[in-house]
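Feature annotations, courtesy of Swiss-Prot:
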type	residues	note
ACT_SITE	Glu137	active site, proton donor/acceptor
BINDING	Lys111, Ser112, Thr113, Tyr114, Ala115, Arg116, Thr135, Leu136, Glu137, Gln156, Tyr170, Lys179, Gln180	dCTP binding site
Amino acid sequence: MSIMSDNWIKKMAESKNMISPFVDKQVRARNNQQILSYGLSSYGYDARVSNEFKIFTNTKPSIIDPKKFDQDCLITKISDICIIPPNSFALGTTIEYFKMPRDVIAICIGKSTYARCGIIINVTPLEPECEGHITLEFSNTTPLPAKIYAGEGACQFLFFKGDQPCNTSYLDRYGRYTKQIGVTLPTV
């Protein structure tokens with residue numbers, strides 16, 4: 001299994017629509033202002049977070065149960081900035097839509113700028129033939145409110161190509177988050 005380079009990522013994005021919209025270079029500034037970078041990098045792709053967020057709140061006391069998720073524990077916010085309360089959590093989604101090839105898996109890692117501020121980003125792997133916008137999980141590990149910037153880089157996807165296509169892909173097993181659009185809540 002090999003990590004794939006910028007040349008391969010660009011070719012797959014342009015010929016197979018693996019990432020859409022696709023930015024073929026690192027964007028680090030907008031309107032002469034520094035931003036959290038996004039776009040193609042040497043061995044990965046820095047994805048942007050959209051302006052749709054779901055923020056956990058404790059206004060309705062409940063227990064978070066992944067088997068019976070109660071969305072009343074979330075506040076939906078459409079904004080260029082998301083403020084995550086101290087020691088809390090928010091969901092976002094990528095601007096980019098991904099279509100994974102059958103012989104490729106992608107791993108997501110967080111941006112160091114966010115990590116150095118105590119904001120941790122988690123995404124499970126993009127399995128072979130996974131398709132859709134990717135729901136991002138932001139955890140504010142600090143005792144202070146934390147800010148997330150919509151339209152800017154949030155995480156980096158690294159692409160690994162297997163020595164042959166897998167026998168059973170995410171699509172073959174009817175993965176529950178196939179073709180998700182926007183923030184997708186947990187389901188079992």
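These residue numbers are counts, starting from 1, taken along the chain as shown.
Cβ coordinates come from backbone N, Cα and C, glycine included.
It should be emphasised that the depicted structure is a prediction, and the values quoted were computed from it without experimental measurement.
Everything Swiss-Prot records as a feature, shown here on the structure.
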residue : record                             : Cβ within 10 Å
Lys111  : dCTP binding site                  : 20
Thr113  : dCTP binding site                  : 12
Ala115  : dCTP binding site                  : 13
Thr135  : dCTP binding site                  : 19
Glu137  : active site, proton donor/acceptor : 15
Tyr170  : dCTP binding site                  : 21
Gln180  : dCTP binding site                  : 18
What is the biggest Cα to Cα gap, in Å, among Lys111, Ser112, Thr113, Tyr114, Ala115, Arg116, Thr135, Leu136, Glu137, Gln156, Tyr170, Lys179, Gln180, the residues listed as binding dCTP? 33
In whole Å, how far is Glu137 (active site, proton donor/acceptor) from Gln180 (dCTP binding site) when you measure between their Cα atoms? 15
Please report the DSSP secondary structure of Glu137 (active site, proton donor/acceptor), reduced to three states. strand
Can you tell me whether DSSP puts Lys111 (dCTP binding site) in helix, strand or coil? coil
Per DSSP, Tyr170 (dCTP binding site) is which: helix, strand or coil? coil
